[in-house]
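Student: Straight from Swiss-Prot, here's the annotation block:
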ACT_SITE  Ser25  active site, schiff-base intermediate with substrate
MOD_RES   Ser25  pyruvic acid (Ser)
BINDING   Thr57, Gly73, Ala74, Ala75  substrate binding site
ACT_SITE  Tyr58  active site, proton donor
Amino acid sequence: MHLKMLKSKIHRATVTGANLDYEGSITIDGELLEAAGILVFEQVQVANLNNGVRFETYVIPGARGSGVINLNGAAARLAVPGDQVIIMAYSWCSESEVREWAPVVVLVDARNRVAKVLAAEGLPPLNMTGPEK
């Protein structure tokens, strides 16, 4: 059996732009992509903290160090500049891999720069047996 697990997320990034006339996607600062281990053209889920909307799109890289989080195409209707979002990527894992699985979490500052990276070793592994007593 394989389970779809959170691979990485960019937490509480601020939307910097919206371009309705572009074909689609989300443009993300290349430094954020590298820190999160998210690849160009990888599918991501975006959760808008301001309006509760969640949607899926794919990633294109923005200039490194720019802080850009730009929604393109139809996604531009789902957030406005200034909205805070969580950008999540997922991975399929075997049941044995899940036992030691922990995602990479990238925390950003007010300018969408990497503030802190919580890598797998910084988070507890998933407890497959349920809550401890």
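Glycine is treated like the rest: Cβ placed from N, Cα and C.
Structural setting of the listed features?
Tutor: Non-local contacts of Ser25 (active site, schiff-base intermediate with substrate) by the CB criterion (under 8 A, 6+ apart in sequence, same chain) comprise Thr57, Tyr58, Val59, Ile60, Asn72, Gly73, Ala75.
Secondary structure from DSSP puts Ala75 (substrate binding site) in a helix.
In the three-state DSSP reading, Tyr58 (active site, proton donor) counts as strand.
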Student: Other than its own, how many Cβ atoms are within 10 Å of the Cβ belonging to Ala74 (substrate binding site)?
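Tutor: Its Cβ shell of radius 10 Å holds 13 other Cβ atoms.
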Student: Taking the Cβ of Thr57 (substrate binding site) as the centre, how many other Cβ atoms fall within a 10 Å radius?
Tutor: 19
